[in-house]
Amino acid sequence: MVYTGYGVELQVKSVNLSDGELLSIRGVDGPTLTVLANQTLLVEGQVIRSPTNTISVYFRTFQDDVFGNFQLHYQAFMLSCSFPRRPDYGDVTVMDLHSGGVAHFHCHLGYELQGAKTLTCINASKPHWSSQEPICSAPCGGAVHNATIGRVLSPSYPGNANGSQLCVWTIKAPEGQKLHLHFERLSLHEKDRMMVYSGLINKSALLYDSLQTESVPFEGLLSEGNSIRIEFTSDQARAASAFNIRFEAFEKGHCYEPYIQNGNFTTSDPTYNIGTIVEFTCDPGHSLEQGPAIIECINVRDPYWNDTEPLCRATCGGELSAVAGVVLSPNWPEPYVEGEDCIWKIHVGEEKRIFLDIQFLNLSNSDILTIYDGDEVMPHILGQYLGNSGPQKLYSSTPDLTIQFHSDPAGLIFGKGQGFIMNYIEVSRNDSCSDLPEIQNGWKTTSHTELVRGARITYQCDPGYDIVGSDTLTCQWDLSWSSDPPFCEKIMYCTDPGEVDHSTRLISDPVLLVGTTIQYTCNPGFVLEGSSLLTCYSRETGTPIWTSRLPHCVSEESLACDNPGLPENGYQILYKRLYLPGESLTFMCYEGFELMGEVTIRCLLGQPSHWNGPLPVCKVNQDSFEHALEVAEAAAETSLEGGNMALAIFIPVLIISLLLGGAYIYITRCRYYSSLRLPLMYSHPYSQITVETEFDNPIYETGETREYEVSI
């Protein structure tokens, strides 16, 4: 087991098992065990990654004397949340997939977000998002205030409106402005109804009523004031209506901003004042229809465009000669109609060939799409499709390619298809992939001199950068790369230094960005070795790191120095059993003895803690001894009688003194040991925890069957 938020990476160094022995690598997720690999799949050099912070190595043998052996190395790697699902009709922006990373969701115009707008990657044994991904749905009605631009969609757009319902939308622009509605799509069932009013109530001027007008107002609708009301009524028994209406606000005295679906335009005046010229163009695969390419804003009193905006429709057939382009089914993105018979001819440079990428293909079972290799409809067919087929990739052998599409006139019997999307590009006539670019703040290595099929390019980042995207790209059979090149992103966070046993910690920022601090505090009865405060700081080169290594909380008793004992003919001041680092012990000698060595010694912090010097020694004081002899000789010369008397007195006194001194020494040695009072914190060098170990032919007990399991 490693720190939460990290996984375990095992590398197989060697495997040599006997018959019948079992070696299994298992991922541990709570009570669930998932087999990641076993002895039949393990090969030297193989790398196995756990999905959580725990991995289990299970070994079983029936051998009594000779065991198989294996060697595995492990190290920790950072786990991440899976990329969140992008909601239909919306998008997601991910800041970071690691623990603490944030994903922001938003919906396209006309849709509302159902669920959390922001998800956070939770640090756990298996990182996960804080909740389910939200969805985007089109509401049934609503009110828009201070409108600028937006959309009104059928409640289940792009599907059909379902069930009996009445939906009302009210749109109000700022005072002094007007509103323009553009109908991008309007397909109503004959019993359904839509009404548009120039005002907020249904008694306002009626601009459009679907039951009174059969045609779709593609030219749009203009409000008389600054508000519009849209009512949609659907029959309970029918569900066939779908609509997509774009609205925008504009200043009075100006023309509204034009809009063209599947195209773009340029304007001479972004405020659309009188005299503004707008020119329209279509996206690849589309052509202008039902309107001019250029329109002008006219009429000073009540400005309007001199013509309606054109439409961009996908064409049925054509000749294409650009180096790259798009081929769409007729009327895309709307469904194609029955009885279509279309032919597209593509021609590129004479020394080139064509790569055709069919990205989407959904046809009726009675409709057919055929791809020919060449400039004519001839027997050499590259591909022929009907119904719903997956993506296809094709290459021509010449600079020409022909695409033929036929839809059955009786399509209503067999149903309709949605259509197709195809991209093409000219490519060289060789058998190798194009070279990939270098990346900033990183480098690439190539597995082969020539970029033939199967060749790999591996990207790596400089220290201090994370690779974003796939680090290894493979040249595929169709001479395209398996993914886009990655890029290197500056790392602006520290890795989690982890917990400290017997302590608590306070983190200023769970994301661990540069500047984050972590404060460690030991539990009662433990002392901190190392710095209590770690700060994440950035370096010009390399990844951000912590200001110091991870501290330790050690038992108070393990830091103390033992009492060194008493010197002969001496004693201690403030005798205790244990002394903390920094505390001192003072020695004294009895009268008539001289202290040799340090009077005071100090307990020094270490592993183990120790005294800064040896125990001193108490030796007889020579000057005192000689002085006593001189006094005795002088007394002897005075008189023998006096000497005898002095001797008679001195001997008993000496005996009594020796007895008292011995008793004092005994009492001093047996004095009650003082209680230990320890400080809260001492610095100590830190030794890094080893993150790599081996499982190499362990010795086990003998028996019939042996099972061993090690969890990391």
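Numbers run from 1 along the shown chain.
Heads up, the Cβ atoms here are built off N, Cα and C, so glycines get one too.
It should be emphasised that the depicted structure is a prediction, and the values quoted were computed from it without experimental measurement.
According to TrEMBL, Cys488 forms a disulfide bond with Cys461, chosen from Cys461, Cys475, Cys494. Cys140 is paired in TrEMBL with Cys167, the candidate among Cys121, Cys136, Cys167 named as its disulfide partner. The Cβ of Cys140 (disulfide bond) lies under 8 Å from the Cβ of Pro155, Gln165, Cys167, each of these being in the same chain and 6 or more residues away along the sequence. Residue counts for the domain 'CUB' (140-250) under DSSP, helix first, then strand, then coil, are 0 helix, 57 strand, 54 coil.
Cβ neighbour count for Cys167 (disulfide bond): 19 (other Cβ atoms within 10 Å of its Cβ, all protein chains included). The domain 'CUB' (316-427): residue composition by secondary structure is 4 helix, 59 strand, 49 coil, according to DSSP.
Secondary structure of the domain 'Sushi' (253-314) per DSSP, as helix, strand and coil residue counts: 0 helix, 26 strand, 36 coil.
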